[in-house]
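Asks: According to TrEMBL:
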ACT_SITE  Ser81  active site, nucleophile
ACT_SITE  Asp193  active site, proton acceptor
DOMAIN    48-206  domain 'PNPLA'
MOTIF     52-57  motif 'GXGXXG'
MOTIF     79-83  motif 'GXSXG'
Amino acid sequence: MLATSCAVVSSKSESEEEQSLAGMTLEEVRVETHKTVRVDHQRPIIAIALGGGGLRGYAHIGVLQALEEMGFDPDIVVGTSIGAIVGASYAAGSAPDQLWQSAEDTKVYSLADFTMGGLGFVKGEALARWVDSLVEGKPIERFPKRFAAVASDLDRSVPIVLMKGDAGQAARASASIPGVFVPMRYQGGTLVDGGVTSLVPIRVARAMGADVVVAVDIYCHGPRYPATSIMSTLLRVTQAQSCLIAQSELVEADVVIAPVVLPAGAQDATGRERARQAGYDAAKSAAPQLEAILWEGHHPVARSARVEPISNATIP
């Protein structure tokens, strides 16, 4: 049964948060994968990479609903920021319809535990507890599907891959937007939102052994923030910088599903449904490409079969 409210637990100290996570660099993930993952030549290893994008993340649920209808069953789930939150619950065994029900039942403001001063005004503990409730307290390594949340080491400017330990803390680290959430201390470094270094974590999926990566970009193919104020101008600059960095990684995916979601369109019931439908439609429009790439014979498909981003904007 998918929980829809935060469990009441005591707050963790910084040292407890560190102990509950196990992070690796991309190269360390590659080495670990080489040592532990058995190569199955009967079929390709398939991954889905769910990108960051804040409240646009309701679109991820629509994508997963459509992919489930197509019989798409990934071996690996990797997520950044909101993609890590949705991805953790999905990888832990929640069906997409359960995810949607939980999203509808949860008020976003209930996850904002405000704090004064410091390096952010949201602690993130409520978010971590909520994610833990979604996964029923299971650590990442006990999920039915292989899963990783991607955070960014702000001091070293590298992605940190969280593949073991507390799912709630991993999702919290991955979604710690700089200046909004209090960053997490980890192994002497500072962890912030994974979108700083890997907005759509395709390279992480490859490092985990994926032959085929289906990427979901909910941030870079939609309308831009209108530059009507200082804040909106800064948001637009941030989006432009993030998407410029992300583009070099997006070209490495086999399929890119890119729902067009309005920047602030998921803050009410109508907006949430619109975002979910955008994700569903974009994934459905990618059906021919998914079938060609994922089910061509019984062997990994050549990367040359990659297609351009598929968006719901192409649907009449």
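Each Cβ is built from the backbone N, Cα and C atoms, and glycine gets one as well.
TrEMBL entries are annotated by machine, without manual review.
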Asks: Quick one: Cα separation, the residue listed as 'active site, nucleophile' versus Asp193 (active site, proton acceptor), in Å?
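Replies: Between the alpha carbons of the residue listed as 'active site, nucleophile' and Asp193 (active site, proton acceptor) there are 6 Å.
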Asks: Hey, which bits of the same chain come close to the motif 'GXSXG' (79-83), Cβ under 8 Å, at least six residues off its ends?
Replies: 49-57, 60, 147-150, 171, 174-175, 177, 193-195, 198-201, 216, 218
Asks: So if I draw a 10 Å sphere around the Cβ of the residue listed as 'active site, proton acceptor', how many other Cβ atoms end up inside it?
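Replies: Taking every protein chain into account, the count is 28.
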Asks: Across the motif 'GXSXG' (79-83), what does the pLDDT come to on average, as a whole number?
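Replies: Across the motif 'GXSXG' (79-83), the average pLDDT comes out at 98.
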Asks: Would you mind splitting the motif 'GXSXG' (79-83) into helix, strand and coil residue counts from DSSP?
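Replies: Summed over the motif 'GXSXG' (79-83), the classes give 2 helix, 2 strand, 1 coil.
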